[in-house]
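Lifted from TrEMBL, the feature list:
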TRANSMEM  12-33  transmembrane segment
TRANSMEM  45-63  transmembrane segment
TRANSMEM  96-116  transmembrane segment
TRANSMEM  128-149  transmembrane segment
TRANSMEM  161-178  transmembrane segment
TRANSMEM  184-203  transmembrane segment
TRANSMEM  232-252  transmembrane segment
TRANSMEM  581-606  transmembrane segment
TRANSMEM  618-642  transmembrane segment
TRANSMEM  658-679  transmembrane segment
């Protein structure tokens, strides 16, 4: 075994410099520099290595296996008393050593360089290379997959390269998890990668061994229960390939059939009418402005919710004239979660942005601190902001934030009005100033979620914090105790155009608690609530589309439930029950997908209390449902015919053929594709007794069980016409 290992290392060590050069180039491209300072190190490095490392492992596997699979070297090794398993393990160990050195050395140098020079001008630290190392370990699975491809005897390259598909799909999912996962997801993915990689190596070893110890011809394609790893692996590959093909056809069809014209879409939502202090059901039309390249929502109708019902008459909405002024209609605000970060991050830092001042870049460190960088003339790390104050660079002794304080969209209304938005986490609300850099906690209140609602005209918006089953209302007042400091931005063409850009910290604001509203027990379990405020009354609604209920809650704790019915919207194209090619494509999906949808519909029906609600949603469009069912039936019949034909070509037994035919209901066209990938082709000829196609490698016909008879005309003549001089 040691001699085999040294043989592999000696023959393939020449590829080591090429691998190190490729990985080093990827590290150099990913390193943030003056010409490339927009990306975060962890995400950029993962992207670059996700491109090169699978190709590197695949190329190494092909190079190692190609030479010894030639007839001469293969016969020499096997007749020297070396088993095929030993050959495979030696190649895998040597390949892993060379691959590990070519990957670890450049990445280790990058980590050392980042540790010595990072954070001073850009947020980065050595731990950001950990997700890339986990991905590189998983990418080595392409090495045994390449050896499996080389050891297969399939003539068609489509089925011969099928072992690469499960590995590629697994790497794609792993990349999605590691992109913004940080150290926690890196550890979870590492625990998943190790057993999956070991299983792929076992499958590849079995494929390599079977190439050298080919079973007798009469046992080809018999029951594979004792070596189930390869069939299971190839079944996964066939499934992924089939689903990927369907997704590709769906994307191509959508590109060719979609309209280039934007069709305005109406929708309804609850809104507060500040003129009457009543909730209204408003119909908005989402439109696109080609001149400004912006979307804006225009109210086209409104109905007041009075008592326990909705008004019968529709009221026109006009910003110039009419019964309702559009400026007085403000949609309900949704609570935004503050217990976790919502902005994009690579798991270590957020992308630097101008969140405080136009001259200061801030980036959130996932360890709980805001890092401030001077934007120009030379970028440098200037401050570290914590909950309890501002510290010097590299000083992390302050109290960390519980989540990204600048990553929530709670104060989007302030930002649209031209004010620097406050910071918020699950422990309170803070105001940040830039000259000098300072932080002041104005609300020390634990909270789960928060939102901002518009107040009376000429007054600042109110802040609503949810903690448990209570919602606390705060108002921001200046030194005089007034909230009239807020300046509403100009509104043009339905959009707010802020003209003032001021920092709230310079206004010496502080917060005052105004009211505390209890959440009714019927909606206390709802995580997302939509809120509207009118004086000392808070209106609450859930995000559930089927619930047409509104709760009117007073500060004293009394509440009333108002039920209403939404008005019909203009008919959209998606609401018309007609034939669509997309439902034909859905019918091509395997039956297992339909079973999952049926189970989900049943689960929704049971847990919502209406046993027919989920199924009614599926059967509400009879033409489309019939198209889907008909397409599935035709594809199933086609799959059964192809499965029986493929089973006959592969010489499968009657029991195997029946089993695969039954599985068509769940697998669809995956079944015949799997048969072609798993089983070898068997040569057949017509039986002289029954006339059916029989295998030529057995002594009796599998149909009539008659013994093979020697052909009558089987004379063989040998002649040598070469002239001897």
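Placed from the backbone N, Cα and C atoms, the Cβ positions cover glycine too.
The largest share of C-beta pairs under 8 angstroms with the transmembrane segment (128-149) comes from 45-63, of the ranges 45-63, 161-178, 184-203, 232-252, 618-642. Counting residues 6+ beyond its ends, the transmembrane segment (581-606) has Cβ neighbours under 8 Å at 239, 242-243, 246, 249-250, 253, 257, 612-615, 617-618, 624, 627-636, 665-670 in the same chain. The transmembrane segment (161-178) shares more Cβ pairs under 8 Å with 45-63 than with any other stretch in the list 45-63, 96-116, 658-679. Using a Cβ-Cβ cut-off under 8 Å and counting only residues 6 or more beyond its ends in the same chain, the transmembrane segment (658-679) has close neighbours at 154, 156, 159, 162, 221, 224, 230-231, 234-235, 237-239, 241-242, 588-592, 595, 635-636, 638-640, 642-647, 650-652. Counting residues 6+ beyond its ends, the transmembrane segment (232-252) has Cβ neighbours under 8 Å at 162-166, 168-169, 200, 203, 582, 585, 588-590, 667-670, 673-674, 677-678 in the same chain.
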